[in-house]
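According to TrEMBL, the substrate binding site annotation covers Thr53, Asp137, Glu198, Lys228, Asp232. Taken from TrEMBL, the feature NAD(+) binding site applies to 199-201, Asn233, 262-267, Glu285, Asn320, 341-343, Asn389. Positions annotated as domain 'S-adenosyl-L-homocysteine hydrolase NAD binding' by TrEMBL: 233-395.
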Amino acid sequence: MDFKVADLSLAAFGRREIQLAEHEMPGLMAVRKEYAQSKPLAGAKIMGSLHMTIQTAVLIETLVALGAEVRWVSCNIFSTQDHAAAAVVVGPDGTVDDPKGVPVFAWKGETLEEYWWCTEQALTWPGGDGPNMILDDGGDATLLVHKGAEYEKAGAVPSAAEDDPEEWKIILDLLRRTVSDEKRWTTIASRIKGVTEETTTGVHRLYEMFKAGTLLFPAINVNDSVTKSKFDNKYGCRHSVIDGLNRATDVLIGGKVAVVCGYGDVGKGCADALRGQGARVIVTEIDPICALQAAMDGFQVTTLDEVVGIADIFVTTTGNFNIITADHMARMKHNAIVSNIGHFDNEIDMAGLAKIPGIVKQEVKPQVHTWTFPDGHAVIVLAEGRLMNLGCATGHPSFVMSNSFTNQVIAQIELFTKTEEYPIGVYVLPKHLDEKVARLHLDALGVKLTQLTKAQADYIGVPVEGPYKPDHYRY
Ligand code: NAI
């Protein structure tokens, strides 16, 4: 088996944590049981690009239990949990000397070159007959396949402009080496039945490709299942934003001024958590609806420029770029904490920060750095501007990820087994499946549902067994 992880001897520790996680992931375990015999993913060759954590290990082993062959990478250079990666490679039945699990190409602290090399490896199936499905988080695997196929069609890979981001230059270099007359990427693209996408940012990329007419295979937008974005993005971040801050800095949050940029699902969870710790939370927004929500939830809403000099903690949650600029950081208090929990690192202008004449970067510990300005004040930047909950801590806990990943498994089954029902486009799962995911998580929390009577169901115009809401309902 080909694989590349940090240290296989961590597998036993990883396995113990996977066993604990399985107990906290009732949705995934129920799906495993439901499909144990029928194995709907037999024949599926799934390339996964999603943070290689303990929770993801349970997802991977569920896909395998349903019959799939899987190859995996992390979708971020800092988010891999090395013991999880080792345990997945060794597998439940293997040993360190005789691994029998799944090929994983991921370790904590990859360089960007290594990151894209890993993505290429996971997309390169032994025997050349796969993958036929992608499970993506943020859209990097989907992007590589699309760009490779696009440049093969054009007959050349364009040169990078000097001011292009470093990462884009790395991608172009990789494609220059791998785009081929044998149409390597075009062949990979033609085999893929579909992609299921985990997060807001990746979904945004998919809709843009579909609008531009460049999407090459159908996609299921897992993010916009209610049981994903209204749970993982919100309650998941409510948990893991504090975990990231604590493990990185252990600063007391109570009494501090915290600025949350963006009040979408992630922003709502972060602002709530910071307030729960006793911080005075200020929100910035561009959308009047979200700004009004934040105001009515009791937060001060203003611009970053207004408060940049008084806040102690900054968290960006926008999925947009250039939210905190180098100029903002130049005006911050000494040792203000600057962090991002959105998918990509360009929410904070790290490149601009590095270009300030005389600035000094010092590592406090991995993924925590001080940047000291010539005037003597410093800012503490978490995870080099990458998502801090996975870079500095261990991301969302199992129970909430069970909701997200149950949607992922159902979406993979949908696209793989009903391919002809999904012409190229971007789809969300039907509401009855969303409700099913929620239902699978109720018992574990001791929730008792009220049963509709037939007369009540008729009165509000829904079936007794659901779905209970129209598609336009917003929760
Ligand atoms: P969303 O679209 O619900 O929220 C983003 C909010 O930011 C919107 O309300 C938007 O109006 C606002 N915004 C955009 N530009 C802004 C600006 N210049 N200043 C202030 N506000 C601005 O998206 P969601 O679901 O909250 O996701 C946000 C990001 O977090 C995405 O990149 C997503 O992929 C990522 N994500 C990260 C997770 C993690 O564990 N770290 C988990 C889930 C999502």
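In case you wondered, yes, glycine gets a Cβ from its N, Cα and C as well.
All features noted in TrEMBL, drawn onto the structure.
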residue : record                 : DSSP class
Thr53   : substrate binding site : coil
Asp137  : substrate binding site : coil
Glu198  : substrate binding site : coil
Lys228  : substrate binding site : helix
Gly264  : NAD(+) binding site    : coil
Glu285  : NAD(+) binding site    : coil
Ile341  : NAD(+) binding site    : coil
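Ligand 1 lies under 6 Å from the Cβ of the following binding-site residues, listed in sequence order from Thr53, Asp137, Glu198, Thr201, Lys228: Thr201. Just so you know, of the binding-site residues Thr53, Thr199, Thr201, the Cβ with the fewest other Cβ atoms around it within 10 Å is the one at Thr201. Annotation: Asp137, Lys228 are the binding-site residues among Thr53, Asp137, Lys228 whose CA atoms are within 10 angstroms of the CA of Thr199 (NAD(+) binding site).
Comparing Cβ neighbour counts within 10 Å across the binding-site residues Asp137, Glu198, Asp232, Glu285, the minimum falls on Glu285. Cα separation, Asp232 (substrate binding site) to Glu285 (NAD(+) binding site), rounded: 21 Å. Long-range Cβ contacts of Gly262 (NAD(+) binding site) within its own chain (separation 6+, distance under 8 Å): Thr284, Glu285, Cys290, Thr316, Thr317, Thr318, Gly319, Asn320, Ile323, Gly342.
For Lys228 (substrate binding site), applying a Cβ distance below 8 Å and a minimum sequence separation of six or more within one chain yields Glu198, Val222, Asn403, Ser404, Asn407. The local packing around Gly264 (NAD(+) binding site), expressed as other Cβ atoms within 10 Å of its Cβ over all shown chains, amounts to 19. A sphere of 10 angstroms centred on the C-beta of Val266 (NAD(+) binding site) encloses 30 other C-beta atoms.
The binding-site residues in question are Ile341, His343, and the one with the fewest Cβ neighbours inside 10 Å is His343.
Cα spacing between Gly264 (NAD(+) binding site) and Asp137 (substrate binding site): 18 Å, rounded to the nearest whole number.
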